[in-house]
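Reviewing the structure listed below.
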Amino acid sequence: MLVTGRRTQRGGEGRGKRGGGRSKCVLTRGCSVPATPARRPQGADGAARPAEVSPGPAMLVTAYFALALLLAACLGLELSGCRAKPLSRACCNPSFLRFQLDFYQVYFLALAADWLQAPYLYKLYQHYHFLEGQIAILYVCGLASTVLFGLVASSLVDWLGRKKSCVLFSLTYSLCCMTKLSQDYFVLLVGRALGGLSTALLFSAFESWYIHEHVARHDFPPEWIPATFARAAFWNHALAVAAGVAAEVVASWLGLGPVAPFVAAIPLLALAGILALCNWGENYDRQRAFLRTCGGGLRCLLSDRRVLLLGTIQALFESVVFIFIFLWTPVLDPHGAPLGIVFSSFMSASLLGSSLYRIATSKRYHLQPMHLLSLAVLIVVFSLFMLTFSTSPGQESPVESFVAFLLIELACGLYFPSMSFLRRKVIPEMEQAGVLNWFRVPLHLLACLGLLVLHDSDRKTGTRNMFSICSAVMVMALLAVVGLFTVVRHDAELRVPPPAGEPCAPEL
């Protein structure tokens with residue numbers, strides 16, 4: 001994953017109107033962006049009004065218990081997987097392992113810095129006393145910049161050079177973190193735009209650099225590439241879990257506040273940039289015409305029903321995931337949930353899903369990715385129906401909502417490897433960049449539309465209504481999965497290859 005990642009990013013974000021009265025500030029109809037944020041309403045004595053929901057120990061205990069249980073399950077599955085698979089030639093080649101280490105030490109620092117910011121992103125904006133409408137617009141800005149920069153990221157990386165692009169990532173993401181020190185709304189908007197650029201570079205420059213170096217400079221066998229990224233995917237989840245705990249330590253345990261994780265990410269980004277600058281060689285690729293790439297992707301999308309159905313499933317599923325990322329904090333935070341630990345629990349659930357995917361597609365069970373994709377969509381549909389009841393105004397059940405969120409993350413752990421496998425098999429390699437560009441556009445448009453709907457919603461019913469809408473969207477995704485299953489059920493190409501062809505298991 002994944003997401004994400006998980007991922008890019010899986011920040012805690014949410015909604016809900018703060019108290020009574022109209023603010024003079026902000027991004028409501030007919031108003032422009034304010035110079036200062038809206039403040040929480042105060043009583044006659046000048047003290048802030050109490051929260052509507054009194055925090056209790058239930059969520060605190062539940063979050064720590066869930067994290068311990070999920071980590072134990074993940075550890076058991078990964079250890080059994082490592083014992084079951086022999087080491088491949090790639091895992092025993094000293095030159096290859098040194099090359100992997102040069103890549104991992106930079107890539108993992110970048111991923112750790114990215115994940116460290118995720119648990120407290122929404123909480124930071126809330127700490128600055130912005131209303132949920134303002135926060136929603138900040139996230140719309142971030143999603144829009146991700147779309148725009150994602151469309152041109154491949155061409156930018158090829159033109160600028162992969163190493164320079166990785167160094168540029170460390171600079172732009174450091175600036176993005178620095179903007180979080182400001183309470184000025186326009187500065188935070190600029191930070192969201194920089195975050196979109198950084199995300200596009202993170203998920204294009206690093207992998208492009210590695211693949212070129214692996215094949216062109218070091219002349220290692222191409223079939224060893226999956227072993228590198230299989231291990232990277234595992235440690236990406238592990239870093240996300242550790243980053244959630246670290247964010248909880250610096251923000252809550254040490255009492256440094258929600259801005260602390262963003263400050264802590266800056267040294268990691270600086271170190272990643274320095275290591276890339278000193279240890280990596282530069283490489284370029286022939287520039288591909290952007291319009292030609294998109295044109296070829298559109299023709300592939302329209303000429304193959306399998307590609308069209310895959311794109312529909314991806315747009316619907318992942319737009320719901322983006323909205324979930326926005327909503328989980330305001331659903332759980334008023335009940336005293338430790339946000340960093342909750343985030344680590346989410347990432348552990350996603351890792352558990354990835355481990356279950358590996359076991360399900362193994363020789364023993366031999367389930368196919370199409371089956372697991374269907375299961376992932378079903379789990380999310382069920383979880384969203386749970387959330388429509390657990391977030392009912394006046395009858396909130398935070399523990400039930402937390403369980404539903406964990407199920408969504410578990411489904412993501414099944415979904416992303418399944419979707420990745422199917423895309424590789426269905427979309428021609430030369431057209432993948434163009435097709436993925438077309439997949440991303442409706443995905444982010446749906447997510448932005450959902451956030452804008454939240455911006456105009458009433459606090460008491462808006463969250464529940466949004467989960468109801470997401471349930472309907474996922475039912476449409478389920479229908480698309482049924483359509484795809486009907487088309488490909490006799491397609492031998494979409495079956496998992498024999499276990500002997502699989503890359504070695506990630507090493508703990």
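Positions of Cβ are set from backbone N, Cα and C atoms, glycine also.
According to TrEMBL, the features are:
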- 1-25: region 'Disordered' (REGION)
- 32-51: region 'Disordered' (REGION)
- 58-80: transmembrane segment (TRANSMEM)
- 101-122: transmembrane segment (TRANSMEM)
- 134-153: transmembrane segment (TRANSMEM)
- 189-211: transmembrane segment (TRANSMEM)
- 232-253: transmembrane segment (TRANSMEM)
- 259-278: transmembrane segment (TRANSMEM)
- 307-328: transmembrane segment (TRANSMEM)
- 340-360: transmembrane segment (TRANSMEM)
- 372-390: transmembrane segment (TRANSMEM)
- 402-422: transmembrane segment (TRANSMEM)
- 434-454: transmembrane segment (TRANSMEM)
- 466-488: transmembrane segment (TRANSMEM)
Tertiary contacts of the transmembrane segment (372-390), as residues 6+ beyond its ends and Cβ separation under 8 Å: 313, 317, 320, 331, 353, 357, 360-361, 396-398, 400-401, 403-405, 407-408, 410-412, 414-415, 417-419, 422, 464, 467-468, 470-471, 474-475, 477-478, 481-482, 485
Winner by Cβ pairs under 8 Å against the transmembrane segment (307-328), considering only 58-80, 134-153, 232-253, 402-422: 402-422
Selected stretch (most C-beta pairs under 8 A with the transmembrane segment (259-278)) from 101-122, 134-153, 189-211, 232-253, 402-422: 101-122
Selection from 58-80, 101-122, 189-211, 402-422, 466-488, the stretch that has most Cβ pairs under 8 A to the transmembrane segment (340-360): 402-422
Folded-back contacts onto the transmembrane segment (189-211), same chain, C-beta under 8 angstroms, at least six residues removed: 8-9, 33, 103, 106-107, 110-111, 114, 138-139, 141-150, 153-154, 157-158, 162-163, 165-166, 168-169, 172-173, 175-176, 178-180, 225, 228-229, 280, 283, 285
Among 58-80, 101-122, 402-422, 434-454, 466-488, stretch most in contact with the transmembrane segment (134-153) (C-beta, under 8 angstroms): 434-454
Sequence-remote partners of the transmembrane segment (402-422) [C-beta within less than 8 Å, at least six residues beyond its ends]: 1-6, 59, 62-63, 66, 70, 310, 313-314, 317, 321, 324, 328, 331-332, 337, 342, 345-347, 349-358, 369-370, 372-373, 375-377, 379-380, 382-384, 386-387, 390, 494, 496
Long-range environment of the transmembrane segment (101-122) - Cβ separation under 8 angstroms, sequence gap at least 6: 8-14, 135, 166, 169-170, 173, 177, 199, 202, 206, 209-210, 213, 228, 232, 235-236, 239-240, 242-244, 246-248, 251, 258-259, 261-262, 264-266, 268-269, 271-272, 275-276, 279-280, 326, 329-330, 339-340, 342-343, 347
Tertiary contacts of the transmembrane segment (434-454) (same chain, 6+ residues out, Cβ under 8 Å): 15, 132, 136-137, 139-140, 143-144, 146-147, 150-151, 293-298, 300-301, 307, 310-311, 314-316, 318-319, 322-323, 326-327, 423, 427, 462-463, 466, 469-470, 473
